[in-house]
Amino acid sequence: MPGPTIELTIYENEEALLAGLRRRDPDSCACLIKRFAPLVYAQAIRLLGDADEAEGILQQTFIKACDKLDTYEGRSGLGSWLYRIATNEALMHLRQRSPHVNLADVAETIQEDEMPHRLTSWTFDPAAAALNSELRMVLEQALATLPEALRVVFVLRDIQGLSTEETAAALGLGESAVKVRLHRARLRLRELLSAYMQEH
Amino acid sequence: MTCEELIAHLSSYIDHEMDAALVAEVQEHIAHCRNCRVVLDTTRRLIVLVHDEGQRVIPADQRSALFERLHQAFLKRPQASNESAV
């Protein structure tokens, strides 16, 4: 059965949507999911690197959001709030999935094979390239090849835009570990994307 | 500063987490080293490219069932106040 067709502008703004959610207006739930599920799903899949697990996190995020709706104060905006719940749920899932290995056990120095080898300039305009679906796919594939410990730091710092301090706190790492992992992730991704850029 | 040292400090330089003396050394190096200039430029472009990289379409076969489950969870969630249950 397809999801109901809901006009996303049925609520004038987030305040009206939130009021609808608190009244348990069924349209408001549909509107919340349709508006924010792609954002939540993107974050979950980037952190977990697995579509099935990301779907589980998507579900948990909205269910948890429903549970917390009455205490949500609306200071950060619904999107940021859901994004934060999704991040916490995904990180908790990662810790449960691999409590001792992937998140903690990683070399804290640049590896020899991470030194840059591809030294061709990129000619694209990043603002325009962000809209390029092929490039986005290449980027997502490259991201999925990173070891979990590097990928998670890269997602929180460079995609989500958290500070080093916030990332360290979210992952239970020291700030110097966050910096080294971010650096290693950037070098690896730069190398992978350079291969694509050379061909296009 | 050697190329290896520059690569080791690259992210600190990009993130402005480096003291002034080292910044000057990096700038002097990249002024003369084309390869390191390319690595710096492409790494910066990568960061711009990925920042808030956006949304992702949920596969169609998962969308409907997921929507239905979430909708039910929403409608059945417990009341926080003394309102009667829906």
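Cβ atoms here come from the backbone N, Cα and C positions, even for glycine.
As recorded in TrEMBL, the features of this protein are as follows:
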- A:32-98: domain 'RNA polymerase sigma-70 region 2' (DOMAIN)
- A:137-189: domain 'RNA polymerase sigma factor 70 region 4 type 2' (DOMAIN)
Kindly report the helix/strand/coil residue split of the domain 'RNA polymerase sigma factor 70 region 4 type 2' (A:137-189) according to DSSP, in that order. 44 helix, 0 strand, 9 coil
What is the average pLDDT across the domain 'RNA polymerase sigma-70 region 2' (A:32-98)? 87
